[in-house]
Amino acid sequence: PHSWSQLWTELPAEKRIFCSVLLFSWAVYLWEAFLAHRQRRVYRTTTHVPWELGQIMDSETFEKSRLYQLDKSTFSFWSGLYSEVEGTMILICGGIPFLWDLSGQISGRAGFGPEYEIIQSLVFLLLATLFSALTGLPWSLYNTFVIEEKHGFNQQTLGFFFKDAIKKFIVTQCILLPVTSLLLYIIKIGGDYFFIYAWLFTLVVSLVLVTIYADYIAPLFDKFIPLPEGELKQQIETMAKNIDFPLTKVYVVEGSKRSSHSNAYFYGFFKNKRIVLFDTLLEDYSALNKEPAEGEEGENEETKSKTKNKKQGCKNEEVLAVLGHELGHWKLGHTVKNIIISQMNSFLCFFLFAVLIGRKELFAAFGFYETQPTLIGLMIIFQFIFSPYNEILSFCLTVLSRRFEFQADAFAKELGKAKDLYSALIKLNKDNLGFPVSDWIFSMWHYSHPPLLERLQALKDTKQE
């Protein structure tokens, strides 16, 4: 009788590639499902506030966050299972070559023959993104209007949600289609060293996108207002000056239209940095803390009842501490290091792509026997062939990210903001219903930030000094 290894070696190369991709995809899925299962067990069994959290979290918030995270975890189990099965069915049923042929027929009807490969690629991309947007819609709706709603985070109406989804789709196409067509063109005419040009092109595109994102793209979705003159603004400007952060503007974004989760970030190149604060982060600006004016009844009724009992957001000192942490990322060069790592990775991937693109069996594995379209090659190699490498890389980046977070906390501490950061982290955890107990393997694999207790511990170690 044949042994498995013999059967495997007798399989044609393309079948082996296909099976390997499928098996690896399921292996990753099962690993993540196993981790999620362990974490769910923590949510189910930790029903009382552990003693070391006694000062940090009251039992009501603890229970709220436990139920919220349990619901989120159950939801991601089902959505993860669905997307794994969907991906498997697409591969097994030859969905990719089917869509490619369909795109060819559509572009053919428009008068572009098979020699117009880039046009066909754009139709393919449009159809593929449309498909994934539509299959993702029910999940997204459920997440927003059932889970986030039930736990008091959702602030969107259905109308806002759909308008937002359509806007997002259109903006994505406006960026994706021109960029892809240029990339395919560069790969086509680039000769032997096309991978260098392709990499340089993606580098330029990412820099341009980062530059225009906040000024031209983000405002299409959310309202940005300059932070009004006042104490907070002065304190932020002083702090930026003290550490030579070239701050040009401070914005408040109306995140509360969407959700009551809170955040803060900075962006911009060289001497042109902006800070963006979510209104939900600021005690004084959070729309959720404001009483509606007279005559503004009706739609405000439900938001009012939701927020009577909770004062959301941080005091100015705490906001400054959070910013001290964020600016720490800049001062310690974390942002630049991340860009360098991702660009080195991108270059390596394009180089390997150049090595592999000539292999007919890679195309045959996914049902392309006659043609080897460049876009399909990019998809197969970057998405499927590189997937083991991508998993390892993303784990390493997660570990690195946690180190960076500790360092940024330490930076805020050196600025003398340990006490305020300590209370801000507790408040943000409370406002966002983070659950402070985690399974060690789950958190090691997934958490881009260290667990709350570890961060508080690190801040406390020197708080006493």
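Each Cβ is built from the backbone N, Cα and C atoms, and glycine gets one as well.
Here is what TrEMBL records for this protein:
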- 15-35: transmembrane segment (TRANSMEM)
- 118-142: transmembrane segment (TRANSMEM)
- 169-187: transmembrane segment (TRANSMEM)
- 193-214: transmembrane segment (TRANSMEM)
- 226-462: domain 'Peptidase M48' (DOMAIN)
- 292-311: region 'Disordered' (REGION)
- His325, His329, Glu405: Zn(2+) binding site (BINDING)
- Glu326: active site (ACT_SITE)
- 347-369: transmembrane segment (TRANSMEM)
- 375-400: transmembrane segment (TRANSMEM)
- Asp409: active site, proton donor (ACT_SITE)
Sorted by sequence, non-His325, His329, Glu405 residues with Cβ within 8 Å of centre, Zn(2+):
Glu326, Gly328, His334, Phe404, Gln407, Ala408, Asp409, Phe411, Ala412
What number of additional C-beta atoms lies within 10 angstroms of the C-beta atom of Glu405 (Zn(2+) binding site)?
21
Active-site residues compared (Glu326, Asp409) - the one with the fewest other Cβ atoms within 10 Å:
Glu326
In the same chain, which residue numbers or ranges, 6 or more beyond the ends of the transmembrane segment (15-35), come under 8 angstroms Cβ to Cβ?
8, 77, 80-81, 84, 87-88, 91-92, 361-362, 365-366, 384-385, 387-388, 391, 439, 441-442, 445-446
For the transmembrane segment (169-187), distant same-chain residues with Cβ under 8 A (at least six beyond the ends):
117-118, 121-122, 125-126, 129-130, 133, 194, 197-198, 201-202, 205, 209, 217, 220, 374-375
Under a criterion of Cβ-Cβ distance under 8 Å and sequence separation of at least 6, what residues of the same chain contact His329 (Zn(2+) binding site)?
Thr335, Phe404, Ala408
How many Å separate the Cα atoms of Glu405 (Zn(2+) binding site) and Glu326 (active site)?
9
For His325 (Zn(2+) binding site), just count the other CB atoms lying within 10 A of its CB, please.
24
Whole-number answer please: how many Å between the C-alpha atoms of Asp409 (active site, proton donor) and Glu326 (active site)?
9
